[in-house]
Amino acid sequence: MVKVIVLIVGLVIIGFILWWFFGKHTVNAVSAESNGQTQQINIDVNGGYSPENVVLKKGVPAVLNFTRRDSSTCLDHVVFSDFGINQTLPKNEAQSIKIDTSKAGEYQWACGMDMFHGKLTIK
Amino acid sequence: MSITKRFWISLVFSLPMLANMILIPFGWMLPGGDWTQLILTTVVMVVSAGPFIKSAWASFTKHHSNMDTLVAIGTATAYFYSIYAMATGQPVFFESAAFVTTFVLLGQVFEERMRNNASNAVEKLVNLQAKDAEVLRDGQYVRVPLEEVVSGDVLRVKPGQKIPVDGVIIKGSSSVDESMVTGESMPVEKTVDDAVIGSTINSNGTFLFKANKVGDQTMLAQIVELVKKAQNSHAPIQKLTDKVSDIFVPVVLIIAILTFLVWYVFLAASLANALIFAVSVVVIVCPCALGLATPTALMVGTGCGAKMGVLIKNGEVLEAVNDVKTVVFDKTGTITEGQPKVTDVVGDEQRVLTVAASLEEASEHPLAAAILKRAKALNLTGQTAQQFQAVEGKGVQAVLGGQTAVVGNHKLLADFKFDAAMEQREAALQDAGKTVVYVGVDDRIIGMIAIQDVPKETSKQAIADLKARGLKTVMLTGDNERVAKAVANEVGIDQVIADVLPSDKADHVQALQKSGKVAFVGDGINDAPALTVADVGIAMGSGTDVAIDAGGIVLVKNDLRDVDRALALSRKTFNRIKLNLFWAFIYNVLGIPVAAGLFFAVGLSLSPELAGLAMAFSSLSVVTSSVLLNKAKIETRARVA
């Protein structure tokens, strides 16, 4: 009897894992705040990036402020491979990263181990 | 708290439990028994493993998972089960939670160090920068910080000093050690009008130079920028790991649950044993090793290249190099010096050159420059020529010391006496692909000067190296067939495509691509389309900015042998990436079944502690293997064979 219950609970947990990690969960795109001259957005680094989907206006110099609150070594660098940026993120310190917005397109960023990802859309 | 601190705390509090484990057979037990273990492990869990749990939870709420998720679940399971076991009077395994935490942190401490090691090539380059400069201000040389130097400033460099920025020498001469920027090991002689590179070291002379590039425009700054981009670029081979990393952790969690269910429900193992297998599975897998395999090798490989003066722009290029079958060269400036030189003088050398130099002194023709250079090298001074006269389509004529002298092309032969011996020599020179200039005095041709854009000294060796690698070599040139063939024969090129219009170079490269991947080596503006079209574009560093932008690999020191080195380095790096990935995959593929107890029947199983140790060292070994790339020798085949 106990074993049957354990089996059912185990399978339910598996189902939950599948739904939680692989199910469709909408991620909202957040636009950077722009004052016409520059645009800025704060990105919180804690178990991933929030927001992790950032929209920038083309042609307006942009600054992304990353603040890492997570002590995981995985997140201690942020890499924009298209821009040649590999910035260390000391814990609890805002790090500004300037992005060249002259070319429209979608760009990925990732943590130093390529486990966490974020998306940058310039349009 | 830093990782190192967390590691030390974890270690100190785990040691008594280690002693307990080892000394139990000898009759020694930890005073306080399970209670002491509980307290020690609680400290480890809160202080050292706490951040793992926090991070895992933060990513969980975002529907993400990572390394920390696994460590957190593994250690928490062991910890909380042990508390339950203690309450119900069963055997505990607190030490597993503490040891796994210690090992994981140990791995991360090393890994962090190695990762810094892998990425410090750029830092080293930046540190080459001089801190200040001696600049001419209001008639006096004053020391100013580097940032205050502007383009157009006149700077003084004394022996042993670093040249602060890029520029051109206006007074003095010296030999300069450029190895740190170009990788060229021999000092280079520099005199007036020669370009100097910022951050290189002046050795014996004092000179003045005019700055023409400062700040982020200098060659060093550009190299740093290039290397940075390359080091963080994405290699296509990574796409696979990108996909795997997204599903890796959840899949492993599912496998762990299945492991537990199979052992507990179907194989009737005890709750404790079934849990141990599940925890081992969670702890042994290492998605980090997969994620680190490519970027670390790329970082070391491109950094290593920068040291040799071979700049590989990104991971894509590195991967493409691996399948290159044909190497196509532009001729002028790539295989050859790019500047015509006098190779032979027929007749009385002194007289012939003196006459030619006197007449060509005012000319700006490249052939004239070659003649003047040679005359200057032999310390011949021209006579004053009078009554200059251009002979339409043939050359120039003037009066030299009462005699009529003439210098020009073969059309002159119609009007002058030309003896048979000279005619023979002429044919030989032309067959060798040289341009012949005729020199006449009065009514006879007194001599000939053969001029050729000669191959660089290193070209022959470079081609031989590539051929030894089994690559086909092709030369593309706008020159005529005869000149092209002569150069090709001299350096050993397999195939010549001559009379190519600049605009057609890219088409020829495309045609060659039908029989395999093509690397194109060039330097001029007209090479840019071909550099872009080719699978791998290799630009000579002396070339135009356009060509350098178009190329995927830039050879800073303009030595054609670096083509082979670039190929060797790319291959080596790419092979290392493949090795890393193979190791990371195999490790996980083999590790999971062992940890899950699949081989329990034959006596092969892993405790969570050993699984944690294996995990820590798998990512460490990948990073170490990348760093070792630094030590790998880049050999050129021909010299080995």
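A Cβ is built for glycine as well, from the same backbone N, Cα and C atoms used for every other residue.
Pulled from TrEMBL:
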- B:128-228: domain 'P-type ATPase A' (DOMAIN)
- B:7-29: transmembrane segment (TRANSMEM)
- B:35-57: transmembrane segment (TRANSMEM)
- B:69-87: transmembrane segment (TRANSMEM)
- B:93-110: transmembrane segment (TRANSMEM)
- B:247-266: transmembrane segment (TRANSMEM)
- B:272-293: transmembrane segment (TRANSMEM)
- B:581-604: transmembrane segment (TRANSMEM)
- B:610-629: transmembrane segment (TRANSMEM)
Out of B:93-110, B:247-266, B:610-629, which stretch has the largest tally of CB pairs under 8 angstroms to the transmembrane segment (B:35-57)?
B:93-110
Can you see whether the transmembrane segment (B:7-29) and the transmembrane segment (B:93-110) are touching - at least 3 CB pairs under 8 angstroms, only pairs 6 or more apart in sequence?
yes
With the transmembrane segment (B:272-293) as the reference, find which of B:93-110, B:581-604, B:610-629 contributes the most Cβ pairs under 8 Å.
B:581-604
Residues of the same chain, at least six outside the transmembrane segment (B:93-110), with any C-beta under 8 angstroms of its C-beta?
3-4, 6-7, 10-11, 13-14, 17-18, 20-21, 34, 37-38, 40-41, 44-45, 48-49, 52, 71, 74-76, 78-79, 81-82, 85, 272, 276, 279, 283, 607-609, 611-613, 615-617, 619-620
For the transmembrane segment (B:69-87), could you work out the same-chain residues 6 or more beyond its ends whose Cβ comes under 8 Å from its Cβ atoms?
34, 37-38, 41-42, 45, 49, 52-53, 55-57, 59-60, 93-94, 96-97, 100-101, 104, 249, 252-253, 256, 271-272, 275, 278-279, 282-283, 285, 287, 608, 612
Count the residues of the domain 'P-type ATPase A' (B:128-228) that DSSP assigns to helix (H, G, I), to strand (E, B) and to coil, and report the three numbers in that order.
20 helix, 42 strand, 39 coil
